[in-house]
Every structure is written in C-alpha cells, then in structure tokens.
Amino acid sequence: MRGANAWAPLCLLLAAATQLSRQQSPERPVFTCGGILTGESGFIGSEGFPGVYPPNSKCTWKITVPEGKVVVLNFRFIDLESDNLCRYDFVDVYNGHANGQRIGRFCGTFRPGALVSSGNKMMVQMISDANTAGNGFMAMFSAAEPNERGDQYCGGLLDRPSGSFKTPNWPDRDYPAGVTCVWHIVAPKNQLIELKFEKFDVERDNYCRYDYVAVFNGGEVNDARRIGKYCGDSPPAPIVSERNELLIQFLSDLSLTADGFIGHYIFRPKKLPTTTEQPVTTTFPVTTGLKPTVALCQQKCRRTGTLEGNYCSSDFVLAGTVITTITRDGSLHATVSIINIYKEGNLAIQQAGKNMSARLTVVCKQCPLLRRGLNYIIMGQVGEDGRGKIMPNSFIMMFKTKNQKLLDALKNKQC
C-alpha cells in the first residue's frame with residue numbers, strides 16, 4: 001500500500017511545474033511517453049504523471065541544452081515498483097543520446113542526487129513491466145556551465161587546470177545507494193592529468209564487485225584502457241594519465257554504503273615522465289606485471305603434463321568461454337566468461353547478476369593461443385594485480401563435458 005503522505009510533496013511539485021508552464025501556456029502540463037526536449041530548462045515526467053503509469057511501456061526522453069553547456073537532472077519525485085536490483089520498473093539515465101554510458105538506474109522511492117552529463121545531451125528511459133505500478137517520476141533538467149559548482153554534482157565534465165570531485169553527500173553523510181557518477185577530465189592536448197584521492201572509503205569487497213571507483217585512460221568506459229578498480233578504505237596511489245583525458249566512474253549498488261571519497265586533479269606538462277599503473281584493485285599491491293621477452297616467447301608452445309599433475313601448481317583453475325580479446329604491448333588481454341571455477345586463489349572475479357568473468361593476460365600473445373567464442377580449461381598463475389597470467393608452459397585445453405567429472409573431483413583435492 002502506497003503511503004498517503006507521498007501525495008503532499010507530489011502535489012507541491014506538480015503545482016510548481018504547472019506554474020512554470022503557465023508562463024508559456026495556460027494549461028496544466030501533460031506528461032506523455034517520451035519526447036525530444038531542447039532549451040535551458042524543463043520538466044519531464046512519466047506518462048500520465050501524477051497518475052499511475054501504464055504497464056508494459058518503454059518511454060525515452062532525449063534532452064539537449066545549448067552547445068558548450070552540460071545537462072543537470074534533478075529528480076523531484078520518484079515512485080516506481082521497488083526491487084533490490086531494479087529489474088522490473090526502472091528509470092535509466094544516459095550520457096548522450098545513445099544507450100552507451102549509463103549514469104544511473106533508479107526504482108522504488110529512492111531519489112538520487114543531481115546527475116550531470118559530460119556534454120550537452122542526456123537521455124532518460126523508463127521501462128515498466130506488466131505488474132505492480134506506482135505514481136512514476138518527475139524530474140527537472142537545466143543547463144549549466146561545465147565547471148559551475150562541478151564538485152557538488154554527481155559527475156560531469158572537468159576541464160579547468162585543477163579541481164576536485166567527490167561522492168554525493170560528502171562529507172556530511174554516506175553516499176547513496178544505486179548511483180553511478182562519471183567524471184570526464186579533459187586537459188589541453190599537450191598536458192597530462194595527475195589524480196590523487198585525499199580520503200577514500202568505499203564498500204569493501206575482495207574483488208570490488210559491489211561499490212567501486214574505476215579510472216580509465218581516455219573519455220569512455222573501456223576495460224582495455226582501465227587503469228584501476230578500487231574499493232575499501234585505502235586511497236589508491238596517485239595516477240597519471242597516458243594522454244590528456246581521464247574518465248572516473250563511481251558505482252554504488254543497492255545495498256551497503258560508506259563515507260565515500262574526495263579526490264583532486266591537476267594538469268601538468270606532457271614532457272614529464274608518466275607512471276601510469278597497471279589495472280589493480282585496492283585488495284592487491286600495485287605491480288607492473290610480466291612483460292613478454294624474446295627469450296620467454298621463443299619457448300616451445302606446448303603444454304606438458306595432465307589436468308591432475310598441473311592442478312596443485314596452478315594458482316587458479318577454471319572452465320570458461322573467451323568473450324573478448326585485445327592485443328597490447330605484445331600480450332593478449334582476454335576476458336573469459338566463467339562456466340565453472342575449480343580453484344580461485346587470488347584471481348579477481350567480476351560478477352554481474354549470475355554471470356561471472358575474469359580477465360587474463362596471455363603474456364606471449366600467441367602462446368598458448370586463445371580464440372574468441374571457444375570454451376577452454378585454463379590453469380595459470382595470478383599476478384599481484386588479480387589478473388590471471390598465462391605463460392607459454394601454462395596448461396590449457398579445450399573444455400569438453402567429459403572433463404567435468406574429473407574437474408569436480410580435483411576441486412576437493414588437498415594440495
């Protein structure tokens with residue numbers, strides 16, 4: 001049963017929206033399913049707001065503010081079907097007009113802080129299923145200068161020579177659940193970006209699966225260019241960009257929260273040496289990892305021994321499907337969707353719902369050879385950064401169902 005006290009703020013907000021619209025039209029605003037919105041400011045709302053929104057709908061609003069400005073979106077009211085993972089009825093907010101860089105997903109009555117795009121476009125999408133419904137949502141968008149109170153917003157474009165960024169509610173309260181913030185830092189072409197976290201407290205997890213901060217070289221979320229993924233209460237070591245752009249992504253799930261963080265950046269001349277770290281989580285110390293050498297990669301590419309014989313000498317053992325591969329610096333970097341994990345060790349495992357994956361580095365890019373879309377049994381070592389390390393003598397073979405019984409038996413083996 002929805003609380004009657006929700007109607008008081010709802011009515012006040014509707015009255016405010018009505019008053020604003022009367023400056024242009026004497027009629028009360030009518031909220032429809034999606035639309036194209038341009039200008040300095042305006043309101044969007046679920047279809048029929050403040051009435052109950054219809055079932056089985058998908059509505060998309062595309063917002064554009066003047067060039068050179070960013071979009072700031074403030075939810076004034078939200079009442080959607082509640083679910084811990086927002087699987088049924090939800091509102092998604094995207095950077096730009098495509099389903100690429102999602103800033104956040106929201107449901108229930110949780111009202112997030114201000115959401116900011118990195119450019120002059122933002123997309124809002126609401127999806128409802130066939131069952132429980134609520135009164136929907138109403139939000140106000142406005143145009144702002146890229147740096148206007150930038151450290152108070154959740155994300156945005158940062159292009160001044162120095163500045164700060166912090167989690168919503170910092171330092172007064174814990175950051176809210178269910179938020180994604182994306183800060184895009186852009187320096188002049190001939191400069192680099194140095195990044196430091198002053199205070200840092202994000203929900204701890206061995207693999208940073210729930211709440212985390214990820215830092216990327218460039219201007220987009222791209223796992224191949226990820227510098228690090230961080231959680232816990234130890235500030236990451238200072239980071240220096242490879243070029244003139246960094247992207248910082250903060251994500252909190254819908255459960256535990258923590259104090260949050262504040263970080264600072266400064267531009268510096270490109271001529272200084274850089275010390276960009278390899279991808280890490282705060283659970284593990286920083287490492288440069290193994291590098292391919294002529295001597296190492298001239299070894300015979302041939303596995304030796306058996307499944308049983310290699311089990312105890314391997315840090316991790318898994319069966320999985322290779323889903324992405326990229327060659328960089330003479331090594332192959334692969335993402336493997338895990339079918340089953342038999343020995344985990346310190347391997348960093350990412351989890352999205354029921355799907356688990358791990359990132360592996362084949363130090364010599366073609367030895368052993370991994371092909372995208374194929375299933376393998378993979379045994380290897382784990383670097384200090386949590387990535388699997390596959391050497392020329394690592395034990396890898398095609399995964400077949402008949403191997404399952406033996407692997408299950410090895411899982412209980414005492415080494």
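For all residues, glycine too, the Cβ spot is worked out from N, Cα and C.
Sequence annotations record features per position, and here Swiss-Prot assigns disulfide bond to Cys33-Cys59 (among others). Remark: Cys59 (disulfide bond) has Cys33, Gly34, Ser46, Glu47, Gln125, Met126, Ile127 as non-local neighbours, by Cβ distance under 8 Å and separation of at least 6 in sequence.
Summarising the annotation, Swiss-Prot assigns disulfide bond to Cys86-Cys107 (among others). Within the same chain, residues at least six positions away from Cys107 (disulfide bond) with a Cβ under 8 Å of its Cβ are Leu80, Glu81, Ser82, Asp83, Cys86, Tyr88, Asp89, Phe90, Val91. DSSP assigns Cys107 (disulfide bond) to coil, not to a helix or a strand.
If you look up Swiss-Prot, you'll see Cys154-Cys181 (among others) marked as disulfide bond. In sequence order, Ile103, Cys154, Gly155, Thr167, Pro168, Gln249, Phe250, Leu251 make up the list of same-chain residues 6 or more apart from Cys181 (disulfide bond) whose Cβ falls under 8 Å from its Cβ.
DSSP assigns Cys231 (disulfide bond) to coil in the three-state reduction, placing it in neither a helix nor a strand. Positions annotated as disulfide bond by Swiss-Prot: Cys208-Cys231 (among others).
Annotation note: Cys297 (disulfide bond) sits in a helical segment as assigned by DSSP. Taken from Swiss-Prot, the feature disulfide bond covers Cys297-Cys364 (among others).
The number of other CB atoms found within 10 A of the CB of Cys301 (disulfide bond), across every protein chain shown, is 13. Look at Swiss-Prot and you will find Cys301-Cys367 (among others) tagged as disulfide bond.
Spatially close to Cys415 (disulfide bond) yet at least six residues away along the chain are Tyr311, Cys312, judged by Cβ distances under 8 angstroms. According to Swiss-Prot, the feature disulfide bond maps to Cys312-Cys415 (among others).
According to Swiss-Prot, the feature domain 'CUB 1' maps to 33-144, an assignment based on sequence analysis.
Summed and averaged per residue, pLDDT over the domain 'CUB 2' (154-268) gives 88. Look at Swiss-Prot and you will find 154-268 tagged as domain 'CUB 2', backed by sequence analysis.
Summarising the annotation, Swiss-Prot assigns domain 'NTR' to 297-415.
The N-linked glycosylation site feature in Swiss-Prot is assigned to Asn355. Sequence-distant neighbours of Asn355 (N-linked glycosylation site) (same chain, six or more apart, CB under 8 Å from its CB) are Ser337, listed in sequence order. When secondary structure is read from DSSP and collapsed to three states, Asn355 (N-linked glycosylation site) falls in the strand class.
According to Swiss-Prot, the signal peptide annotation covers 1-23, on the basis of experimental evidence.
Across the fold, the C-alpha of Cys367 (disulfide bond) and the C-alpha of Cys297 (disulfide bond) stand 7 Å from each other. In the domain 'CUB 1' (33-144), the DSSP tally of helix, strand and coil residues is 0 helix, 56 strand, 56 coil. Checking each of the disulfide-bonded residues Cys297, Cys301, Cys364 against Cys231 (disulfide bond) by C-alpha distance, the shortest gap belongs to Cys364.
Annotation for Cys297 (disulfide bond): same-chain Cβ neighbours under 8 Å, separated by at least 6 residues, are Gly330, Val363, Cys364, Cys367, Pro392.
Neighbour counts were taken as the number of other C-beta atoms within 10 angstroms of each residue's C-beta; across the disulfide-bonded residues Cys231, Cys312, Cys364, Cys367, the minimum falls on Cys312. Secondary structure from DSSP puts Cys312 (disulfide bond) in coil. Using a 10 Å radius centred on the Cβ of Cys33 (disulfide bond) and all shown protein chains, the other Cβ atoms total 15.
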